[in-house]
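Enquirer: What follows is a single structure, and I will ask about it in a moment.
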Amino acid sequence: MQRCVEANFDGLVGPTHHYAGLSFGNEASTRHRRQDANPRLAARQGLAKMKALSDAGFVQGVLPPHERPHLPYLRRLGFSGSDAQILAQVARDHRQLLSALSSASAMWVANAATVSPSADSADGKVHFTAANLHNKFHRAIEADTTSAILRAVFRDARYFCHHPALPQSALFGDEGAANHNRLGRYDAPGLQMFVYGKRGLDEGREPMRYPARQTLEASEAVARLHLLAPERCLMVQQNPAVIDQGVFHNDVIAVSNEQVLFYHQQAFTDGGAVRGQLSRGLALLGQEFIGLEVPERRVSVADAVGTYLFNSQLLSRGDGKMTIVVPQECREHPGVWDYLGEVVAEGLAIDRVDVVDLRESMRNGGGPACLRLRVVLTPREQLAVNPRTLMTPALFDSLNLWVDRHYRDRLNQDDLADPALLNEVRTALDELTQLLDLGAIYPFQQ
Ligand SMILES: N=C(N)NCCC[C@H](NC(=O)CCC(=O)O)C(=O)O
């Protein structure tokens, strides 16, 4: 029997994956700046996670990388000549700019868009708002291609409604699903909790050291666009003190699934109020809230950032319990691993831990949850998804072969000026659009 499910769409790591230290406030990004990356291994690690979840019976999709280096953008910034001349000039005079326009950051699709299930929207459609990712230039250039990709995967206008990114302005800084949790059963109206870092218009608390990437005004706009009932929306502030400790998105300190919120004691400015609002809100919907709060004395904020314990995936199995998918950094940390063991032994909601190796992505601050975009779908909506983007054993094999054919196993900033790399990327992406039946989604295909 078909049922409502949460499908996870993972971003496939692009061929230009490298470490450039582009994300101030994301400490892993800063720490690994200029180290060698292995794009082939990175893509294979991501595919292995998708395959493992698909084999375990979860609905798993794949979203393609973006075109990088982004030559149209370089031309827009006044560089001219052949592609090779432009790359040589930018590499010589503007090294960080070339990195920004070559970053494979679109892999972290938790930042691609905010998604609301049809059960919550007044028009009964699934709503998507592409994130403007205003705070970082290398990410702000993702929105247009993200929109084209989402439209190519969720095509059917009877079920899916797509909104362009909010205006590119600090006032509306929006980082997508990484700052959004939808709580409640998949097949009934639920609560949507938007987590913002600061207010854009009014005075209020904000971090001092690192930027707050999400504003309240952006979250409110997304809630309006998605036609959500205001009484079932919560606008919650992330604790500015944890942003200053490297928690650049809410999904680095909290994760939800159905009625469960697994979160750190210091995640919010007022954790007690959040808990109360979620309990009362779900009670009104006839559902019980399960809040799993992790105390600072068991797992410090620093250890949460170091291991990405909360950047995990909570997945509902058919038997009523949940699996938590964590990065292997959690297993390597005795305190965090012991704590996870206790959570599972208690078995309140989560009774199984799966460990994944995503080292390449982790070194840029992207764990299991960063790499996935969650989309709750009814059986009809599932049938309307572009079927070629859904993971199967055959697609897994084709994508691995495709990666082996086109990806390098070593890449750093110095390689980005190589015109051969640009050709490799375009050849690879052109093939990929056919493999996934996406049509012409990239600027170089127009
Ligand atoms: N938490 C979630 N949902 N996403 C993680 C995004 C990581 C990404 N890193 C980067 O963009 C680093 C790129 C570099 O430095 O090369 C970012 O900071 O936006």
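Heads up, residue numbers simply count up from 1 along the chain you see.
Here the Cβ of each residue, glycine as well, is placed from N, Cα and C on the backbone.
Annotations for this protein, taken from TrEMBL, read as follows:
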type	residues	note
ACT_SITE	Glu175	active site
ACT_SITE	His249	active site
ACT_SITE	Cys370	active site, nucleophile
BINDING	20-29, Asn111, 138-139, Arg213, Asp251, Asn364	substrate binding site
Enquirer: Translate the DSSP assignment of Asn26 (substrate binding site) into the three-state scheme.
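Expert: Going by the DSSP assignment, Asn26 (substrate binding site) belongs to neither helix nor strand, so it counts as coil.
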Enquirer: Same chain only, sequence gap of 6 or more: which residues have a CB within under 8 Å of the CB of Asn26 (substrate binding site)?
Expert: Gly246, Phe248, Asn364, Gly365
Enquirer: Once the DSSP letters are reduced so that anything not helix or strand counts as coil, what is Arg139 (substrate binding site)?
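Expert: Reduced to three states, the DSSP call for Arg139 (substrate binding site) is helix.
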Enquirer: Among all chains shown, work out which of the recorded positions Leu22, Ala28, Cys370 has the most CB atoms within 10 A of its CB.
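Expert: Buried the deepest by this measure is Cys370.
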Enquirer: Within the set Ala20, Leu22, Phe24, His249, which recorded positions show a CB-to-ligand 1 distance under 6 A?
Expert: Ala20, Leu22, His249
Enquirer: I need the most crowded of these recorded positions: Ala20, Phe24, Arg139, Glu175, Asp251. Count other C-beta atoms within 10 angstroms of each C-beta and give me the top one.
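Expert: By the 10 Å Cβ neighbour count, Glu175 comes out on top.
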Enquirer: Using a 10 Å cut-off, grab the number of neighbouring Cβ atoms around the Cβ of Asn111 (substrate binding site), all chains included.
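Expert: Its Cβ shell of radius 10 Å holds 29 other Cβ atoms.
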Enquirer: Want to know which binding-site residues, from Phe24, Ala28, Arg139, are within 10 Å of His249 (active site) at Cα; which are they?
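Expert: The binding-site residues passing the 10 Å Cα test: none.
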Enquirer: Run through Ala20, Leu22, Ala28, Asn111, Cys370 for me and report the recorded positions whose CA is within 10 Å of the CA of Glu175 (active site), in sequence order.
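Expert: Of Ala20, Leu22, Ala28, Asn111, Cys370, within range: Asn111.
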Enquirer: May I ask for the distance between Phe24 (substrate binding site) and Cys370 (active site, nucleophile), taken between their Cα atoms and rounded to an integer number of Å?
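Expert: Phe24 (substrate binding site) to Cys370 (active site, nucleophile), Cα-Cα distance: 17 Å.
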Enquirer: Any idea what the Cα distance is from Leu22 (substrate binding site) over to the residue listed as 'active site, nucleophile', rounded to a whole Å?
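Expert: About 17 Å separates the two Cα atoms.
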Enquirer: Going by DSSP, give the three-state secondary structure for Ala20 (substrate binding site).
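Expert: Reduced to three states, the DSSP call for Ala20 (substrate binding site) is coil.
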Enquirer: Which of these binding-site residues is closest to Cys370 (active site, nucleophile) if you go by CA atoms: Ala20, Ala28, Asn111, Arg139?
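Expert: Ranked by Cα distance from Cys370 (active site, nucleophile), first place goes to Asn111.
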